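Colleague: Got a structure for you, questions after.
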Amino acid sequence: MLVELNKSAYAARVKRIYEAWNNASKNDDYASISDADALLLVAGDPAAEDEAMRKGTCFQQWLLGYEFPSTLILFQKDKIAVLCSASKAKILAQVQNVQGVPSMTIYAQAKAKEAANDAITNFLALYGSAHRVGTLMKETHSGKLVSEWQKLVSELNPKPEPMEMGPAVSSLMAVKDTDELKLVQTAATLTSTLLKHHVAPKLESILDRESKVTHETLSVQIEARLGSGEGDNAKGPDMKVWGKGKDLTNIDWQSAEFCYPPIIISKSSKSGYDLRYTIDSTEDNIAHKGVLLVSFGLRYKSYSTNIGRTFIVDPNPQQEAQYNLLLSLQSELLSFMKDGVAARDVYLHAVDFVRVRKPELEKHFVKTVGFGMGMEFRDATYVLSPKNARQLKTNMIFNLGLGFSDLTDTNGQKYALHIVDTVRVDANKSVLLTDGVKQSKETLFFLDAGSEVEVTKKPATKSRANGSPAKAKTIGGKVLRNPRRAVQDEVHQTAAARLMEHQRELHERLQEEGLAKWSEGGSSTSGKEGKGWKKYQSYKGEGGLPDEVERLRIFVDRKAQSVILPIHGFAVPFHINTIKNASKSDEGDFTYLRINFQTPGQLAGKKEDTPFEDPDATFIRSVSYRSPDGHRFDNLVKQITELKKEANKREQQKKEMADVIEQGALVELKGRRPYKLQEVFVRPALDGKRLPGEVEIHSNGVRYQSVGSQRLDILFSNVKHLFFQPCDHELLVIVHLHLRAPIMIGKKKTFDVQFFREATDVQFDETGNRKRKHRYGDEDEIEMEQQERKRRAMLNKEVKAFAEKIAEAASNSLGETLELDIPFRELSFEGVPFRTNVRLQPTTECLVHLSDTPFLVVTLAEIEIASLERVQYGLKQFDLVFIFKDFTKAPLHINSISSAQMDDVKNWLDSVDIPMAERPVNLNWGPLMKHVNENPYEFFREGGWSFLGGAPGAEEEQSESSDEESEFEVESADAFSEESSADDSEFDDGDDSDASGSDFGDGSESDDGEDWDELERKAARDDLKRNDPRRKNDSDDDDRPKKKAAPKGKANGKPKKR
């Protein structure tokens, strides 16, 4: 049977109905049905998708677990009667005779092709026998059965008196049982997860980047997290979002849906700040300043939850106080709402709370502070209003919605505030079911220092764009000589301490996430899990063997990729993949041919052992043949070697092309001409002559078409990142698309496609013209520079506008925002990711090099940790290694970065929440990652990445503390060191000059690497010695420097860890 009804739940809820009905006169909640002789529940055709769920439908689902359209249920004092179709009757037969509750009589109507029966007549007779019948009088239904029923009832005489039973039905469903509470909690978890891990980050990103996104577009993108599209284009739920929630592993995603389209409101909304849930998000772009309201609700297996939040960009103190008042009011009401409290008392208590603290806000307070929830999104019977006397009971679910409307800011603009959550009533208080992104630090966004408010005061020290503080001015505008760390600028110390603390948190979080990620079955995961035993077949049978085998000679069959060897009078074929290599040697008059086979236990260079079906079987390691015909064996070795090379090349190409996808068809835009960008070139270049073409934006992708007939289509679904790089300080203006999966362009696969225009103009006159007669000096050059700047600005504007149109079209096509990323040149640094030194530029989501091939695009979210290597005092360069979260992916090395940019690189890495570590030497990452991949869980259990040294600066901190502790000892040792170190320069040109030169040449001094404090102390001692007249006449032997003591610290000047 396809549909199985829950008999125990049905029995419990039927009992509740009859207990409430029989005791209705004693309970005001059920007073509306106290005089009813029967209760009639009518269900017609299903409601439209955009229509709210009817109370009758909710009641039916609550009772039976499913919706039964075109069904009438009549509750009598001693039995239950049901009028429905024959197919529904088979399902309802499961609960026809449940023990402990009145039996059910089913009146099944005849099927369409059968003769009519008297089911509806008999059901009408039962209905007519009652004097007063409770029904949902406010609901209207449609459908064939309902129309026939209404016609028969109108002809009935006498007719039963109808009574409104809506309030009683609401009371029956208001108190939730254990199973219902579990479903409500799941719906609340879904709602909170969506807010924390998608809605809030997405909205913050839009505000931070000032992206042009409409309210409606963001609403559609939020809805798409549950899946979108139909048929072949259908997309499932976004597990990147839902995977971050708790207890969401066994969700039936078909049963999850939105209660209403998410509502996004900002000050640019045409509808204004409307706190109702029946409005739609407008098509206006989201305003990037002011108040933004977000509300949405999710329903799981028909049980609803709701949430609403307020975000304020650049709030004034008045708005901050109003928002904090709402937070305090919610906490107060959670304590006040408990079993036995009247609904109106909740509202009046809220009004009193506002009146005492902010009397001027009382008139702006909402007219109700919530409503009951369950299967019905908004139960009007349990509205928290000043006129509702119904009492709250334990395990009731409410939408607690607090807010102020029709407020006015300092600029005279209207705004509203609200905080909405789903709560469960308990015996002594109420409990939040939805939560998250509510505190002021999470919802109030302040603009950078440098706003108008700051300008009127003393100008604050501005920070660089990469987050590192600007250097403070010193006394008199000059740099003081030998400043000690203890008296360095306070801003530097604060920034360094903040970076170290943040890095320590990132490392701890990385370790926790690693243990959680690999704890369940993660230890069995390895980077070679996709590698398995392959079976090769040379021939399907003896009939497939070539004719040459009859001669019983060694034969290389290129067509079958096999080598046929004569063994004991039989022709035995071996596929080329079973052969390792072939070799020839001459001994006397004979030539020996040796063919080696692939066997277990061999190491083929850097490759792993070749997998075998049964490694314990008996294998032939090699076969040797002897012949006086050396010339023939030469040819055989050559043929086998070439065949093996071809097979390896083919296997390598197959492996390289494994991730190449075949894109779907581009849907061309119809009804209007597509947006075009003309006179652009593409990289990688298409086959043929290099000629400019044009890029067109279509419904689901972009198309590049050259002057010839060549086309290149890229679908939006395959675009991972979209970049625009202006031609400022560059020769090209670029629109760059980084793909999720590679595509083939010509005979090469590529992850990156770039459209560009050249910004240089070679057409100018160097010979002079009429203007030369009247102009002298640099007027022409200045004018040309101005024209060049204007032309570059226009070029940037045109190409950027086109890139924004691509982003907009992609967002509309995919249902999720494709952000246009622009590199931050002020954060750039130079390094060697491949073979040449290039400029690497961070963007919001990536680190890129787009100016020349090969391109580099590193997604920051995919980086596990960054390792800074060769970080030593005295070295002018260091290396940066990115280890990816996908451990099977080789780490990315960026070498030879200038040490002068180390602080900028550190600040940038820290600002994008990438854990980093420092090392004085390079690591061999190949074997290291192999070890990690063998058992990731064990790797993290043993400390994970802590072996890299943890957060940068920790060792320096230890070094500083150790230096401060031993400072007195160093000073007291001056008397012993003065004799050995005074006037060293007087003997530099003596006999030891060669040794001294070799010391500096081999870098031993820089390797020992004393820290700054020690160098400063030495410089101070040298100054004292040179100024001491008693040291002038010391003997040469006393002044000659003594042998240097072994250093106590590491090679980079940092103390060893203990």
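Note that Cβ sites are derived from N, Cα and C of the backbone, with glycine treated the same way.
Note: TrEMBL annotation is automatic and uncurated.
Keep in mind it's a predicted model, so treat the numbers as computed, not measured.
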Colleague: If TrEMBL is the reference, give me the range from 513-532, 613-632 marked as region 'Disordered'.
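Modeller: That would be 513-532, the stretch labelled region 'Disordered' in TrEMBL.
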Colleague: Need the matching range: TrEMBL marks coiled coil on one of 261-291, 385-415, 633-663, and I'd like to know which.
Modeller: 633-663
Colleague: For the domain 'Histone chaperone RTT106/FACT complex subunit SPT16-like middle' (829-919), what does DSSP give as the number of helix, strand and coil residues?
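Modeller: Counting residues by DSSP class gives 16 helix, 42 strand, 33 coil.
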Colleague: Would you mind listing the long-range same-chain contacts of the coiled coil (633-663), meaning Cβ under 8 Å and 6+ residues beyond its ends?
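Modeller: Residues 554, 556, 558, 561, 563, 576-577, 579, 581-584, 591-593, 595, 625, 627, 701, 713-715, 718, 741-744, 749 contact the coiled coil (633-663) from elsewhere in the chain.
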Colleague: Can you tell me the mean pLDDT for the domain 'Histone chaperone RTT106/FACT complex subunit SPT16-like middle' (829-919)?
Modeller: 92
